[in-house]
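Colleague: According to Swiss-Prot, the record shows the following:
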DISULFID  Cys245-Cys393  disulfide bond
DISULFID  Cys264-Cys283  disulfide bond
DISULFID  Cys395-Cys412  disulfide bond
DISULFID  Cys415-Cys426  disulfide bond
DISULFID  Cys434-Cys467  disulfide bond
DISULFID  Cys495-Cys516  disulfide bond
DISULFID  Cys610-Cys647  disulfide bond
DISULFID  Cys619-Cys640  disulfide bond
DISULFID  Cys628-Cys644  disulfide bond
DOMAIN    203-394  domain 'Peptidase M12A'
DOMAIN    380-433  domain 'EGF-like'
DOMAIN    434-554  domain 'CUB'
DOMAIN    610-647  domain 'ShKT'
CARBOHYD  Asn25  N-linked glycosylation site
CARBOHYD  Asn72  N-linked glycosylation site
CARBOHYD  Asn251  N-linked glycosylation site
CARBOHYD  Asn411  N-linked glycosylation site
CARBOHYD  Asn453  N-linked glycosylation site
CARBOHYD  Asn557  N-linked glycosylation site
SIGNAL    1-21  signal peptide
Amino acid sequence: MRRFFICYIGFLSIFLDFILADKDNNSEEERDRKFDWKFENENGKPEHETVTVPKLPDGSYFWKWTWNSRINSTTAATPTSTVTTSTSAPTTSPRVYKLKSEARKSLRKALRGVPPEKRKKQLKKMGKKMMKIPKITKKESNKLHKSYRKVKITENPPALDMFEVNERAGLNEYLFQGDINLNNNQIAKISSEQSSKSRRKKRQIDNLAQFWPGKVVYYYFDSGLTTTVQQIVRDAITFLESNTCLKFELNSTATNRIFSGVGCYSDTGMLGGEQTLSLGYGCEVTGTAAHEIAHTLGLFHTQMRSDRDDYVTIDLTDVPESSQQNFIKLTEATSTNLVDYEYGSFMHYSGRAFVSSGGVDSIVPKDPVMVYTMGGRIVTFLDLKMLNTHYSCSCPTILSCGNGGFTNPANCSVCICPYGFGGALCTERTDYGCGSTLTATDTWQQETYTFGNASNSATARPSAVYCNHWIQAPVGKQIQFRIDSTYNTQCVYGCTFNGVEPKLKSDMTITQARYCCDEFNAEIMTADFGVNPMPVFSFNRYYKTTYTWSYRYVDSNVTACADTSDKATCLSLKSAKEQGCSIYDTAQLKVMCAATMDLCGKVASDDGTCKDRFPKSQCSTYSTNGMCTQQPPLAAEFSCAETCGFCTNPV
């Protein structure tokens, strides 16, 4: 095959005639290719040279050309596949994607009068002022990347992630963190905050992004936006309106424009005047639209939080210097840490963020099992809680929501529930038309189901479909779960096409590990004591997926009153409680961390009174159905303490 590239390097115009040498020779697994270089030198004389170019681990090719020691240009061809992630850093090459002309045109519309090259310089200058990210040695890096399981990443997935779309459009050097269009004031604020002199000053909370007045966002669709993208935006808006106090009004005179540019990006917060949100080709995903709208509402990426180093390790080993400013961490003065750190947030980078081709991951979670969960595009329960807290959404009456849910400000008669739970008070199994309630025994039982849509075999759908199972077991038993086999799963960072999430931990509000890679099959996972029922939440947005998994219960040696969450989580919750910034009430804390909180044998309530958390009618039914004794004692006490008799005999 012949391909033609034109490269302008300094004084040279180099015409590259790409020749695949000796196609029938498969030595060294066809790792090397020959390139025939034809060019004119500085004196206008034609010259010619043939060079052998090594193939990189990701399928791309690396070449370097030097002219009189003044020119050093490195380019990588677009890779045709991805590879198994490795434990050490292989030879890498930065992907070089120049800003395309169409991307430049749409970017000019969004930059509010700032020339693209000036914005590029501003971001580069801001990056030089960023707080030093602790550098880790090669030995430390190798150890870090041995902490999590390596998987075979799916080759040629059905769609690119939004950050890959922007990278290939050449937008990375012109947008902050790959998709944020900062204004001059925000750049100045971040630069000031990152300087060592400013960091020594005690500062008050200073939001980088302004709120939308009246909690109303006015917008209109640019004439070039397709009906498909318009519907995707409407779907994202409908979801956000149904779960927050925010309102979006379509108005042709609005200055906030959603347009079909090149790439996926937006402004952050309410800026005043014309604002833009770009959803170009490759951005036709409901989660991507919601992600960019969330930026418009004032949210930054999760890994920018001031406390991020408690949850992830940043490894810049294979991140080009020009991209390292994207790993800026905010200070407590500007970081909005309103909910627990959420690995599965739709605002979190994946572990591959800004990594050179073939390099090691740039973000590694302290909880290694979460490495392939980061980078998801499903709006999580805590994402919704973050938005509602950020905009002070509330209801006149607070409902007694179960399983960590909270009153829905868009409909104060129901709760917003963690995935896996539904009903008015989050006490029922969410029915998506797929899934059922299963009863575990002490022997393995198997469940197989297929869901999705066979009509989209060529590309991924804009939105996912869900399936939800509950596994129940007798009181005092612990549920075990094992994935046996899968069909048509795409193993990618973020599990953006399909995945299964067994909710094993007692805190149902957080996104738990999602599995979309076969390397985790056959592993026996044990739920925390007291997790009963245990939801198994699964999703699909490409073709059809089949899951086969097994479940059973085992005896537990955990006492009735004990921590049901891991020690690190309980110590963190205890610290937050002591500092007066806990998002949980005393009853919730007892269910999760009774021993650490020293709540065993004590009435768990903020005001010292013992009462049912749910309405009397529901607790009466709860007791009649035998749930006071069938459920784990801590769970029964939490739900209906008075009706179940725990006021006189606390767990």
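Here the Cβ of each residue, glycine as well, is placed from N, Cα and C on the backbone.
Quick caveat, the model's predicted, so the values are computed rather than measured.
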Colleague: Please give the sequence-distant neighbours of the domain 'ShKT' (610-647): residues at least 6 beyond its ends with Cβ less than 8 Å from one of its Cβ atoms.
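Modeller: Beyond its ends, the domain 'ShKT' (610-647) has Cβ neighbours at 400, 402, 425, 427, 474-476, 529-530, 532, 560-561, 564, 587-588, 590-591, 594, 603-604.
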Colleague: Give the distance between the Cα atoms of Cys415 (disulfide bond) and Cys467 (disulfide bond), rounded to the nearest whole Å.
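Modeller: About 20 Å separates the two Cα atoms.
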Colleague: In whole Å, how far does the CA atom of Cys434 (disulfide bond) lie from that of Asn411 (N-linked glycosylation site)?
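Modeller: Counting only the Cα atoms, the answer is 25 Å.
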Colleague: I'd like to confirm something. Which of the recorded positions, Asn411, Cys610, Cys640, has a Cα closest to the Cα of Cys264 (disulfide bond)?
Modeller: Asn411
Colleague: For a three-state summary based on DSSP, what are the helix, strand and coil counts in the domain 'CUB' (434-554)?
Modeller: 3 helix, 57 strand, 61 coil
Colleague: Out of Cys245, Cys495, Asn557, the recorded positions in the record, which is closest to Cys640 (disulfide bond) when you go by Cα distance?
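Modeller: Comparing Cα positions, the candidate nearest Cys640 (disulfide bond) turns out to be Asn557.
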Colleague: Which residue, out of the disulfide-bonded residues Cys264, Cys426, Cys434, Cys495, shows the minimum number of other Cβ atoms inside 10 Å of its Cβ in this structure?
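Modeller: Per-residue Cβ counts within 10 Å for the disulfide-bonded residues Cys264, Cys426, Cys434, Cys495 bottom out at Cys434.
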Colleague: Using a 10 Å radius around its CB, how many other CB atoms surround Asn453 (N-linked glycosylation site)?
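Modeller: Excluding its own Cβ, Asn453 (N-linked glycosylation site) sees 13 Cβ atoms within 10 Å.
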Colleague: Cα-Cα separation of Cys467 (disulfide bond) and Asn453 (N-linked glycosylation site), in Å?
Modeller: 13
Colleague: How many neighbouring Cβ atoms, not counting its own, are there within 10 Å of the Cβ of Cys283 (disulfide bond)?
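Modeller: By my count, 26.
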Colleague: Listed recorded positions are Cys395, Asn411, Cys412, Asn453, Cys495, Cys619; which of them have CA atoms within 10 A of the CA of Cys644 (disulfide bond)?
Modeller: Cys619
Colleague: Fewest other Cβ atoms within 10 Å: which of the disulfide-bonded residues Cys467, Cys647 wins that one? Let me know.
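Modeller: Each of the disulfide-bonded residues Cys467, Cys647 was scored by Cβ atoms within 10 Å; lowest is Cys647.
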